[in-house]
Amino acid sequence: MSRVYNFSAGPAVLPEEVLKEAAAEMLDYKGSGMSVMEMSHRSKVFDDIIGEAEADLRDLMKIPDNYKVLFLQGGASQQFAMIPMNLMKNKVADYIVTGQWAKKAYQEAQKYGKANKIASSEDKTFSYIPDCSDLPVSEDADYVYICENNTIYGTKFKTLPNTKGKTLVADVSSCFLSEPVDVSKYGIIYGGVQKNIGPAGMVIVIIREDLITEDVLEGTPTMLTYKTHSDAKSLYNTPNCYCIYMCGKVFKWLKKQGGLEAMKEYNEKKAAILYDFLDQSRMFRGTVEKADRSLMNVPFVTGDAELDAKFVKEAKAAGFENLKGHRSVGGMRASIYNAMPIEGVQKLVEFMKKFEEENL
Ligand SMILES: Cc1ncc(COP(=O)(O)O)c(C=O)c1O
């Protein structure tokens, strides 16, 4: 067996230890005589799995008691509609558009009410985070929306926007659990788990209790109402049981690594290896404003599309997978989520140095 260094933006690398544990438990989970994939979501065994997963996540993120944790299906994209359907009481919301995912959320919200684009960085191909200290937040906005880490462009909000008292809603899909967060600053934090936490097919929604009501937009399906899932503790219908189990294992792994403070330190160290190299390279360069650089997604280019393609091809042959940039940007992108070991980044930089020497 040989494993590659997988720099995919998602689905992405998972901790090897977690994969091995899951493999060992595949046929017989803790004496149940069956796999977690085969058991009832109403069973005591599964109840313990989901209960422990939630408790560990609450512990890791220090989630206050007045927030609910929901394990839902439909991915992060389902939230683009679910958020306005549940929160747009005044039918007004403000969006800060810093990339394709924020743009998609903004466009979806327009179906349900007045979505205002109050800031954008599209003028420079989303290569920076706009100043959000004094934005024209709408008087009657039900919420202000951000995508906190922009997976495709590699930017991250280092300071949260001044929402002037309005509820902040954040998509944290690509920075979930990469560093500590103050949950109390948000109305909703949500993210697809397939980048930093587990297998694809699930979104975790952390939502303040007062935002969970029956007063949703007319026609909102039962399955798209937060109250349905909150009342049923994420077991209204059959949830993504195996994904919840895998996420639970990753939460335990994160606790073992020292929690989110330790992950932040590790992630900063890892990202610095790559960014420091890019800043002195004569061939490669990063594509975003230094102050707004993401710790998780690092896009870079040579400036020559043919050379980029050659690099991606040779890197793949050397065991560095999924380095091709998003189709809308081109170039390269290394996603270095929590589970990417520091050796992976060190070896990638060694490979880049060698490629530079050979091709300059
Ligand atoms: C920031 C962000 N939001 C949303 C999505 C969409 O997630 P999903 O495929 O789970 O709908 C992605 C990537 O897939 C993403 O990177």
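Including glycine, each Cβ sits where the backbone N, Cα and C put it.
If you look up TrEMBL, you'll see 4-348 marked as domain 'Aminotransferase class V'.
With a cut-off of 8 Å between CB atoms and residues at least 6 apart in sequence, the same chain places L235 near R42 (L-glutamate binding site), listed in sequence order. Among the features that TrEMBL reports, L-glutamate binding site is placed at R42.
The pyridoxal 5'-phosphate binding site annotation in TrEMBL covers A76, S77, W101, T151, D171, Q194, N237, T238. Residue density at T151 (pyridoxal 5'-phosphate binding site): 26 other Cβ atoms are found within 10 A of its Cβ, drawing on all protein chains shown. According to DSSP, T151 (pyridoxal 5'-phosphate binding site) sits in a coil region rather than a helix or strand.
Counted within 10 Å of its Cβ, the other Cβ atoms near K195 (N6-(pyridoxal phosphate)lysine) come to 30, all protein chains included. According to TrEMBL, the N6-(pyridoxal phosphate)lysine annotation covers K195.
Classification of D171 (pyridoxal 5'-phosphate binding site) by DSSP places it within a strand. With a CB cut-off of under 6 A applied against ligand 1, the binding-site residues R42, T151, N237, T238 are reduced to T151. Its Cβ taken as reference, S77 (pyridoxal 5'-phosphate binding site) is surrounded by 16 other Cβ atoms within 10 Å in the chains shown. Cα of K195 (N6-(pyridoxal phosphate)lysine) to Cα of T151 (pyridoxal 5'-phosphate binding site): a distance of 10 Å. Mean pLDDT of the predicted structure over the domain 'Aminotransferase class V' (4-348): 98. In the shown protein chains, 22 other C-beta atoms lie within 10 A of the C-beta of W101 (pyridoxal 5'-phosphate binding site).
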